[in-house]
């Protein structure tokens, strides 16, 4: 699956000749050649059709949002190109870069600095302890399920090597993937001083779509829990996914939650609906509401697809 080159606003859809009205925030279906989904929008090669939604467009209280599917249809957009902090959604790129750099069987030893980085900043952790040695595979679960900043620091330190080099790799990968409105300053999404990191709803959906192509990433973000049995080199761990959407809706694939005071509550989500994969994001939302809103947006997209 690839979601790429989507039209970023309802205004541009109208510019392409779609004139039928749609509910506020909803974007009528835009059909594109498969090749167009992996590159920039080529308006001259697009054909457009309008599909009347059969589902009621849910209220979306998030400040920014974007929902699209694997056929190139945009189902919802709201300030989708606005640059904002995205909190722990940053860890999607962290995992993506690690999967490009590491072997899943590599072991990483946890340092006091890794633990201190998380605890001193009041971040969520995977409850790692100094001296533990865990595989990259297990650390990816510790990174993505409980959103461990300690795991993020350990992985970045190992595969930069060092945080500065790792963040440079994150930004280089963002550039390679065409995420022009994304900038990383760390591997965990914690607030940084002036000139902090940012992204957009569109870029986050594109990145999630690409990351989900990797079978390991897909397995990690789709897991509700992950257990690590005690061994001679590490303690036992049980990590539970902070993404409640996995428990409350069918056909959900992941992907990641996030929160900081500046970013608000964020949710990057993906699911299968009516034979397509649908990927969406809610930025600057309220805690509990983001999960129910995401479920309704997935169902709304499924109804649009089925009605097309």
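Glycine residues also receive a Cβ, built from the backbone N, Cα and C atoms like all the rest.
Automatic prediction, not curation, is the source of TrEMBL annotations.
Neighbour list (residue 88 (active site, acyl-ester intermediate), Cβ cut-off 8 Å, at least 6 residues apart, same chain): 124, 147, 188, 189, 256, 257, 258, 259, 266. Per TrEMBL, active site, acyl-ester intermediate is recorded for 88.
Annotation comment: TrEMBL describes 91 as active site, proton acceptor. In the three-state DSSP classification, residue 91 (active site, proton acceptor) falls within a helix.
For residue 147 (active site), the count of additional Cβ atoms within 10 Å of its Cβ stands at 27 [all protein chains shown]. The DSSP secondary structure for residue 147 (active site) is coil. Summarising the annotation, TrEMBL assigns active site to 147.
Look at TrEMBL and you will find 256 tagged as substrate binding site. The Cβ neighbour count for residue 256 (substrate binding site), using a 10 Å radius over every protein chain in view, is 30.
Per TrEMBL, the feature domain 'Peptidase S11 D-alanyl-D-alanine carboxypeptidase A N-terminal' maps to 56-286. For the domain 'Peptidase S11 D-alanyl-D-alanine carboxypeptidase A N-terminal' (56-286), the model's average pLDDT works out to 97.
Here TrEMBL flags 1-24 as signal peptide.
Counting only same-chain residues six or more apart in sequence, the Cβ atoms lying under 8 angstroms from the Cβ of residue 91 (active site, proton acceptor) belong to 143, 144, 147, 152, 187, 188, 189, 256, 258.
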